[in-house]
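Enquirer: Attaching a single structure in structure tokens format; questions to follow.
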Amino acid sequence: MALEILGVEGIPEVDAGADLAGLIAKAGTYRDGDILLVTSKVVSKAEGRLLHAADRDAAIDAETVRVVARRGPARIVENRNGFVMAAAGVDASNTAPGTVLLLPEDPDASARALRSRLQQLTGCRLAVVVTDTFGRPWRNGLTDVAIGAAGLSVLEDHRGRTDSHGNELVLTVTATADELAAAADLVKGKATGVPVAIVRGLGHLVTAEDGAGTRPLVRAAADDMFRLGTSEALRQAVTLRRTVRSFTTDPVDPAAVRRAVAAAVTAPAPHHTTPWRFVLLESAGTRVRLLDAMLGAWQRDLRELDGWDEARIARRTARGDVLRDAPYLVVPCLVMDGSHDYPDPRRAAAEREMFTVAAGAGVQNLLVALTGEGYGSAWVSSTMFCRDTVREVLDLPEGWDPMGAVAVGRPAEVPRERRREAEAFVEVR
């Protein structure tokens with residue numbers, strides 16, 4: 001296979017409203033099967049996507065769907081086309097001083113329009129790829145990628161084929177359009193005034209139809225293992241926690257729970273103590289025995305302490321039970337080992353409260369870590385109302401005080417977003 005990559009020289013400065021296809025057709029000589037790689041900047045200029053530089057930040061805001069990462073003034077964002085890139089593609093290079101360029105509003109539509117017009121003007125069967133320069137995760141340096149395409153299959157799926165050793169290819173899907181964009185940039189460069197390149201010798205990649213454009217190249221945020229920067233992911237991990245009351249029947253990975261417990265025991269605690277214990281109820285039989293005993297204790301309290309009749313007790317205890325429906329339970333316990341003894345009730349109460357706060361911090365860490373593992377959770381206070389019963393059923397030491405129970409499982413539905421503004425909970429003195 002022979003391959004040529006040719007820069008198309010002689011294209012003049014492009015202004016808004018220019019016939020870009022006409023300028024490209026006039027500047028080069030084309031053949032059937034040629035693939036034209038066109039830098040996005042000349043497309044944007046022809047489409048009038050030019051702003052005053054003073055409007056740059058506002059333009060980035062307008063083009064941004066979500067912020068992926070922020071480092072000082074620099075922003076990596078997802079734009080309306082699904083591209084994850086620096087500054088939403090708003091760029092001050094290769095444009096007049098005091099101006100910035102936006103990406104084409106619909107790069108695939110731009111590629112289709114260019115292809116149609118160029119094929120009319122040249123009489124050749126062509127493909128068009130609109131390119132832009134991106135940074136890359138895991139690696140330094142920039143390279144061009146495809147942001148718009150027409151007449152080209154942008155991906156080549158090798159899955160199911162075999163390599164030269166007979167091994168089946170299971171995951172290999174080649175980003176053909178990106179490979180072409182990067183190769184073409186070798187002759188286009190960044191400051192040479194050559195905005196278009198021809199890749200010749202790959203005519204078999206050119207399709208009769210315009211095709212799906214670059215959409216197949218764009219990984220949905222929900223499928224992206226690296227959808228946030230490190231700092232952003234750490235912040236979001238805390239706020240993503242929700243109380244989940246409905247679970248699937250999928251089993252819970254005990255190793256994931258133990259990783260969450262490892263996070264839980266990093267919580268702060270008084271006097272250099274470790275006041276947390278986590279009882280993991282991995283046996284269905286144990287869960288049922290505990291919940292049945294707790295139900296009996298609850299019914300006794302309603303009957304003997306609250307004076308309820310049997311019908312009212314039955315109605316109250318018949319309501320849905322998130323603990324009984326969960327595939328996994330954790331019973332966090334507080335131990336007061338290392339606490340200080342005080343002779344007066346004020347300081348004794350404060351000492352107990354210090355340890356209780358530490359227990360709560362451990363439970364919160366557990367819940368947040370479970371969210372990071374992909375599990376939903378719900379903290380329920382019920383074991384605190386029948387601690388003796390819980391200790392008896394689970395054979396726990398007398399000094400272990402159950403501090404509720406945590407239901408764990410895969411959420412049956414996506415938890416609803418909850419917005420709470422910090423100012424509603426803040427007083428400044």
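Here the Cβ of each residue, glycine as well, is placed from N, Cα and C on the backbone.
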Enquirer: Which single residue out of Asn79, Asn94 does Swiss-Prot record at the GTP site shared with Ile11, Pro12, Glu13, Val14, Ser40, Lys45?
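Expert: Swiss-Prot names Asn94 for this GTP site.
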Enquirer: So of all those binding-site residues, Ser40, Ala269, Asp301, Ser381, Arg418, which one's Cα sits nearest to Asp132 (divalent metal cation 1 binding site)?
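Expert: Its closest listed neighbour, by Cα, is Ser40.
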Enquirer: Could you check which of the binding-site residues (Thr133, Ala269, Asp301, Ser381, Arg418) sits closest to Lys45 (GTP binding site), going Cα to Cα?
Expert: Thr133
Enquirer: I need the most crowded of these binding-site residues: Ser40, Asn94, Thr133, Ser381. Count other C-beta atoms within 10 angstroms of each C-beta and give me the top one.
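Expert: Comparing the binding-site residues Ser40, Asn94, Thr133, Ser381, the most crowded Cβ belongs to Ser40.
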Enquirer: Taking Cα-Cα distance, which of the binding-site residues Glu13, Val14, Ser40, Asp301 are within 10 Å of Thr133 (divalent metal cation 2 binding site)?
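Expert: Near Thr133 (divalent metal cation 2 binding site), where near means Cα within 10 Å, the binding-site residues are Ser40.
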Enquirer: If you run the three-state DSSP split on Ser40 (GTP binding site), which class comes out?
Expert: helix
Enquirer: Measure from the Cα of Ser381 (FMN binding site) to the Cα of every one of the binding-site residues Ile11, Ser40, Asp91, then give the nearest.
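Expert: Checking each of Ile11, Ser40, Asp91 against Ser381 (FMN binding site), the shortest Cα distance is to Asp91.
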Enquirer: Rank the binding-site residues Lys45, Arg418 by the number of other Cβ atoms within 10 Å of each Cβ and report the first-ranked residue.
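Expert: It comes out as Lys45.
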